[in-house]
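Asks: Pasting the feature list from TrEMBL:
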TRANSMEM  A:23-44  transmembrane segment
TRANSMEM  A:56-76  transmembrane segment
TRANSMEM  A:82-101  transmembrane segment
TRANSMEM  A:145-163  transmembrane segment
TRANSMEM  A:175-207  transmembrane segment
TRANSMEM  A:286-306  transmembrane segment
TRANSMEM  A:318-340  transmembrane segment
TRANSMEM  A:352-370  transmembrane segment
Amino acid sequence: MNYLDYQVAQVPTGWRKIFHLNWPLVFLITAVSCIGFLMLYSVSGGNIEQWAAPQMKRFAVGVVLMIALAFVPIWFWRSISVAAYAICVLLLVLVDLIGDVGMGAQRWLVVGPIRIQPSELTKVAFVMTLAAYYDWLPVEKVSRPLWVLIPVVLILLPTALVVMQPDLGTSIMLIAGGGIVMFVAGVSLWYFAGVIAIAVAGVTAVMKSRGTSWQLLRDYQFRRIDTFLDPGLDPLGAGYNIAQAQIALGSGGWSGRGFMQGTQSRLNFLPEKHTDFIFTSLAEEFGFVGAGSLLVLYVLILGFCLHSALTNRDRFASLMTIGIAGTFFLYFSINMATVMGMLPAKGSPLPLVSYGGTSLMILLMAFGIVQSAHVHRPRG
Amino acid sequence: MRKSQREIVESSRVITRRGLMLATIQAAVVTVLGLKLRSMQIEHADEYRLLSDGNSIKIRLLPPARGLILDRNGMIIAGNEQNYRVTLTREEAGDVSAVIARLRRIIPMSDRQAAEILAEIRRRSAVTPVMVTDRLSWPEFSSIALNAPALPGVTPESGLSRSYPRRGDFAHVLGYVGPVSDYDLSKIDNPDPVLMLPEFQLGKVGMEAKLEQVLRGKAGARRVEVNSAGREMRELSRQEGQQGATVQTTLDAGLQNFVAQRLGEESAAAVVIDVTNGDIAAISSSPVFDPNKFVRGISGPDYRALMEHDHRPLADKTVQGAYPPGSTFKMVALLAGLESGVINTGTRFFCPGYITVAGRRFHCWSRGGHGTVDVIKSLAESCDIYYYELAQRVGIDRIAAMARRMGIGVHHDLPMSAITEGIAPDRAWKMARYQQEWQIGDSINASIGQGYVLASPLQLAVMAARVATGRAVAPRLVRAIDGIQEPEPDFPDLGLNPLNLRAARMGMDAVMNSSRGTARRMRITAPEWRLAGKTGTSQVRNITAAERARGVIKNEQLPWNRRDHALFVCFAPFDAPRYAVSVVVEHGGGGSAVAAPIARDIMLFALAGGLPPLSAYPDGERAKVQEMWSRMDLMPSAAPKTERAKA
């Protein structure tokens, strides 16, 4: 849709836009973030300076940014999406070449005092690009092979760069995030069925080849896959963290052990308790009530996003909102499934709760664009 | 490019349909997550709670305070003292060598010690506290506590350690404690877990070892929360241990102190028994050593000095030493003769200085002979010929039986280490031991406590007590455990003819108090404490016929370890016996000259309950005694502790 399509006269202007923000979404985001501050305070053992205070500062900046972005007309975002995509790909190439090594992978780009994680930025930028692409593409062409190939290339290019970092988790997120946009845009289900079938067949072939004359991987690679799939096979290595996380989670019971009373987190049995495993601390200290509440808050955020998307007649805005919400969904469901032992451990933060600057800021900025879509939706 | 209204509607329809499909999938995923959460947190919460507690809660043992050992008056002779020590944990210290350098400004430490500690810390895990030093003085300890901020990882701790305030006085009877060794553990089937504590002390020898179970007490426990590195975070609950039982002994600290000093540096042993109840009032072996050194971990040179000392300070001669009793055995031979009816109290033998039996000459110590000797004179002048004659008529088996009745050659059950049975030899014993027939010469030697006969100082004291009372006095060391009195013993009568016993006692009285008694100079002149005793001088070498012809070499001319043992047994007061005392001085020379004065002084101290009035001594002895007292450094008399009675 072109900005001329909007009934511009009916779109709020100036400071009045503040009344048209998706306020329930703002409150939900704030609520989840507050749970995060509480847990960061708790797992630091009551040391607010360690994690909670920096996180709060970033949140404050992030919220201001979110509202500022919400004031920017949605057509602006659509116009820059291709440029943003190009910049992101450029940054990813830079990261592969000169990036800082952290946690055994190159993820950071340091520019003066600023440390950027381009893969985080990419998640938002390429969702916008895909949304813009489908906004531009006539609906009847969506499922034609050539028009399907273009977004696939758009997805695979940054994915390949992220894999080289190597960051398998983020690359899977990119594929899944892009897949969600394509799915909602109306790409024929047969393509999805085909991709899934090929993936299943490929994995099956590799696994079946084990022990036969045409074995596709070496033995030690299979063993690595085994422990990846079942950490229990390596109880003192990767399995230890997951086992301790499950103990923490389960021992929370109905109402938990009480604020700052979680022995698993306070006594350092939990790994990465302020980042990837913060959900276990919450579940341990506030039990099913606390953990379930967080899940409900997440679902409500999804719900408000979906509602905003489905009531928005702007195709770009709808697709982008659903894409960002879908990425958000992938974040928290993968994190929760991991700490509950349903997925193999792979570093992924709990959105809005885990300690971490870039991911929180990017997420809040992404919600800023979602807000912008909401504020500037076509009316009348 | 404007989009047609139709296209907008169409695209909205697609997005709505697909959006709802996506929402359905997401809802399904969220439902699965919620169900999994429910299953873990509600259905299996108890299992996880158990695992969680098991992770973080550990039981730590609290070593119990060891039971006290008291003397008969309630004075502590083995107690516990605060031991201030300092440990260092690498994980918390960071730069260990810097911390140790700072620590060295507070407590003295040689370069070598510091290097050893550093090596030990590097060797152990980062979270294990390593002991840097112990037995700190209070000022050092408090100074470390004060400087804690500058000493990260340094923990001042205080614990209890055994201490023996009377130092050497009770070294042998009480023994000592020490760290638990692997060897100790290997001897115990099911070791108490408290033994595994690094600072735990176990009774090694003596009463400390024999009464270990009584003294140890019960370990307490602390439930502590630990972190994943095993470091203690806080204490959840604490159950104090139960201190070991207090053992009140029969020993008298004041008397024991006097005995130890009286024996001095001689290689000697003395035992004091209360004949009325068998209580051992003092039991001392000399030279003594300081058991506190063993508790602290004795240094190599100190230990070597003790091991290489020819007076064997580590041996407890009172119960472990077995000596030929010499003439102190004559009461046994005499009673064997009298009781068997072979002789009676009027029997006399003639002593010409020697007799020839089976072609061999047996000499009396008096070369000129004693002439006609009766029962009393045989003891008073210690005539050997009388007992040679007696032994030939009575036979060894009856002498050995009497010896066992009098407590020689039998085990006396005391909480002390390696108690010897001694030897009361008879025909069967020699056959079993040497596969040889008993010879008449063996009987003759045995009759005067030589040859195969061996007795410990404890057994000699028991013998004296049994002669004094006619009852089967059994020695005991423990009077009460945790305030519960041991039953007062009621010793059975030995079943000896009172007239025979009286003869033996009168003979012992004559040793001290008759004009020709062998120990007349050592008599007690105070009539209420009249002493009866018997000297003994036992050879530790054979005197050949050739040497006898040349003249027996005087003891003073022999090397120390070839000289005779000096022995003395006695009881007093003669009319109503209270104490029996035995003294053995290894290679001391003559019993009357060396052992008897020691026994007399001990007896007087026991009877008087302190230093006796000089008037108890014969005139000729007083100056010497006074001079001896002035050289002693006696402990202040232990007055009965009234505050204990109040409590």
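Including glycine, each Cβ sits where the backbone N, Cα and C put it.
TrEMBL: automatically predicted annotations, no manual curation.
Map these features onto the structure and tell me what's around them.
Replies: Counting residues 6+ beyond its ends, the transmembrane segment (A:56-76) has Cβ neighbours under 8 Å at 2-3, 6, 11, 17-18, 21, 26, 29-30, 33, 37, 314, 316-317, 357, 360-361, 363-365, 367-369, 371-377 in the same chain.
A Cβ distance under 8 Å defines the sequence-distant neighbours of the transmembrane segment (A:145-163), meaning residues of its chain 6+ beyond its ends; these are 85, 88-89, 92-93, 95-96, 119, 122, 126, 129-130, 133-134, 137, 170-171, 174-175, 178-179, 181-182, 187, 191.
With a cut-off of 8 Å between Cβ atoms, the residues of this chain six or more beyond the transmembrane segment (A:175-207) that come close are 123, 126-127, 130-131, 134, 139, 142-143, 148, 151, 154-155, 159, 216-217, 318-319, 322-323, 326-327, 330.
Long-range contacts of the transmembrane segment (A:318-340) within the same chain: residues 77, 123-124, 127-128, 130-131, 134-135, 169, 173, 176-177, 180-181, 184-185, 242, 245-246, 249, 276-277, 279-280, 295, 298, 301-302, 305-306, 308-310, 312, 346, 348-351, 354, 363, 366-367, 369-370, 373-374, each at least 6 residues beyond the stretch ends and with a Cβ under 8 Å from a Cβ of the stretch.
Beyond its flanks by at least six residues, the transmembrane segment (A:352-370) meets 22, 25, 29, 32-33, 35-36, 39-40, 51, 54-55, 58-59, 61-63, 65-70, 74, 77, 115-117, 120-121, 123-124, 128, 274-276, 278-279, 282, 294, 305, 308, 320-321, 324-325, 327-328, 335 of its own chain at Cβ-Cβ distances under 8 Å.
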Asks: Quick test of the contact rule: Cβ under 8 Å, at least six residues beyond the ends. What residues does that give for the transmembrane segment (A:286-306)?
Replies: 22, 24-25, 28-29, 31-32, 35, 249, 252-257, 259, 279, 321-322, 324-325, 328-329, 332, 336, 353, 370
